[in-house]
């Protein structure tokens, strides 16, 4: 049996099993993410939230998903049916594809490529096409306006996200997530991670992630009071479910990126405790909790405020930070905290 897995067919079976394992983890996590999001929102508003279907309401997300699947798929009159159906599938598949390079532990990754950050950034940039396709193919002005806003918002904040990530790359000398985590492995545990030397950028990165994933307070494309639910207004049944699933998977991906880039990934926060996948999942869950809390307690920004924040505040600040990190790494300021090439490169 062991010899079989050394053959091309056996290797293909192993790769397929690994792919299915990652997809299974993401999809099962998705059920709990939606449930947790609704529970946190309910707790802030002093409500109970989902509590009927299953124990503590844990099966509510499954029931909602089944409800969407069994409903009729309604295509608006005059819509481009092919593009209309292709848009949610594009968003969903691209959201899943980015997980191919996300490690959960040392060596636990589908594709351990040296340009993993560029891969994730490229996939994230492509996700705007699903939104544009959905808004344009609906043959309605409300989805189209929502898709245009979403495209402008996502492209604007990708610039600041990229510059913040460049600062981490300069410090590490690597675009591989394993190398970045290895560079944060120090004797001081939690205080060896990049959140400390890159402290201002952690906040900018988190806020940019909110804007990139269209989460409150930056949910301009889905502003019900202005755009009638934005680019999703004409969608129902399974296509709408795919859009929602893709959005939550992208949010979970941003939680994973925050953990890997600034908070040590699978590294233990306490020296002496073993590292492992538990820490990675715990950090991702914590950052999703922050996403949910921000959604529950913050009002929505106006569109002009959102654009001004991205172009006039985040972009100049992150650009200056890249220059600062470059000099700090070159001349090894602050005891070499910005120059860890030998550790992670």
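Any Cβ shown, glycine's included, is placed from N, Cα and C.
Taken straight from Swiss-Prot:
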- 13-33: transmembrane segment (TRANSMEM)
- 84-104: transmembrane segment (TRANSMEM)
- 115-135: transmembrane segment (TRANSMEM)
- 161-181: transmembrane segment (TRANSMEM)
- 190-210: transmembrane segment (TRANSMEM)
- 248-268: transmembrane segment (TRANSMEM)
- 277-297: transmembrane segment (TRANSMEM)
- 309-329: transmembrane segment (TRANSMEM)
The transmembrane segment (309-329) in contact with the transmembrane segment (161-181), cutoff 8 A, at least 3 CB pairs, sep 6+: yes
Tertiary contacts of the transmembrane segment (161-181), as residues 6+ beyond its ends and Cβ separation under 8 Å: 101-103, 106-107, 109, 112-118, 121, 124, 194, 197-198, 201, 204-205, 208-209, 212, 260-262, 264-267, 315, 318-319, 321-322, 325-326, 329, 337-341, 343-345
Folded-back contacts onto the transmembrane segment (84-104), same chain, C-beta under 8 angstroms, at least six residues removed: 19, 22-23, 26, 73, 75-76, 110-113, 116, 119-120, 123-124, 126-127, 129-131, 133-134, 137-138, 177-178, 181, 234-235, 238-240, 242-243, 245-247, 249-250, 253, 256-257, 260, 265-266, 277, 280-281
Intrachain neighbours beyond the transmembrane segment (277-297), with Cβ under 8 angstroms and 6 or more residues off its ends: 33, 36-37, 40-41, 44-45, 104-105, 108, 206, 210, 215-217, 251-252, 254-256, 258-259, 263-269
